[in-house]
Each structure stands twice: as C-alpha cells, then as structure tokens.
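**Student:** Quick paste from TrEMBL:
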| type | residues | note |
| --- | --- | --- |
| COMPBIAS | 1-23 | compositional bias 'Polar residues' |
| REGION | 1-67 | region 'Disordered' |
| DOMAIN | 18-137 | domain 'Type VII secretion system protein EssD-like' |
| COMPBIAS | 34-51 | compositional bias 'Polar residues' |
| COMPBIAS | 57-67 | compositional bias 'Basic and acidic residues' |
C-alpha cells in the first residue's frame with residue numbers, strides 16, 4: 001500500500017528502502033516521509049556519528065541533536081534516512097520517554113508496531129513535527145511531537 005502524500009506532494013515520486021526490518025518511504029529529495037516496522041531490541045547496534053552530525057543539513061539548528069526515527073537500541077539503521085535534525089530537548093525528553101516505555105514493553109514480551117510520519121515546512125530537511133502511531137499487542141496509540149524545545153507529546 002502506497003502512503004498518502006501531504007497536500008502539494010506527489011507520493012508517486014517516493015521510493016521505499018528496507019533496512020534492519022523497517023520500511024522507509026523517501027520523497028524525491030530523499031527526505032524520510034514515513035517509517036514502519038516492528039520494534040526489536042538490539043543493544044549491540046552501532047551508531048553513525050557522521051549521519052547524526054549531518055542530519056538536517058543546512059536546516060539544522062544549533063539546538064539540534066542528530067536524532068533517530070528508529071533508535072539504535074531498536075536495531076535502527078545507521079543510514080542517513082533514519083536520522084533527522086531533532087531538537088535536543090525533544091530528543092532527550094518526550095521522545096526518549098516514549099522509547100524507554102517501548103523498550104520496557106518489549107522486555108515484558110509485548111509486540112510493538114510503529115508508523116512514524118514526519119511533517120515538513122516547504123522544502124526544509126528538518127521536520128517541524130513527528131507523528132507516531134503505534135500498537136502494543138493490537139492496542140493503538142497516536143502521539144504528535146513538536147520538533148521544538150517543548151517537544152511535548154500530544155494525544156494518546
């Protein structure tokens with residue numbers, strides 16, 4: 001099933017990349033538009049310091065980290081398409097809290113499927129928000145995170 005493109009975008013120009021069990025939809029400018037997959041724990045997965053440092057390109061802010069759509073501990077790929085310019089407070093706050101809960105749930109034997117959809121303004125390489133839809137053993141949840149210093153979760 002092809003994802004639906006936001007207004008003004010042509011999803012027919014998107015392409016899929018599969019890596020480490022996750023599927024990434026990239027647009028014509030190689031921005032990640034959607035990530036889907038089932039989370040697995042892999043504490044031995046390496047980091048890509050260069051992909052983290054380059055995330056967001058010229059649109060990266062001085063307050064940004066090189067964040068992951070799928071964290072390293074969930075066997076997230078080291079490729080550039082798995083990284084984005086993420087406000088440091090958001091990365092280390094609300095998003096990390098969600099990732100910590102996911103890790104706890106997986107260790108308890110739960111199955112977690114995720115769908116992550118970034119929002120972009122114009123041609124920016126830095127998402128303005130991240131929409132996360134996930135299921136835990138079939139129960140669905142949705143959260144929207146602003147890619148800002150507040151970086152708070154909205155929704156459940």
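Numbering starts at 1 and runs along the chain as displayed.
Note that Cβ sites are derived from N, Cα and C of the backbone, with glycine treated the same way.
Where the annotation comes from TrEMBL, it is an automatic prediction and has not been curated.
Please go over these features one by one and say how buried each is and what sits next to it.
**Tutor:** Sequence-distant contacts of the compositional bias 'Basic and acidic residues' (57-67) (same chain, at least 6 residues past either end, Cβ-Cβ under 8 Å): 51, 83-92, 95, 124-126, 149.
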**Student:** Roughly where does the domain 'Type VII secretion system protein EssD-like' (18-137) sit in mean pLDDT, to the nearest integer?
**Tutor:** 89
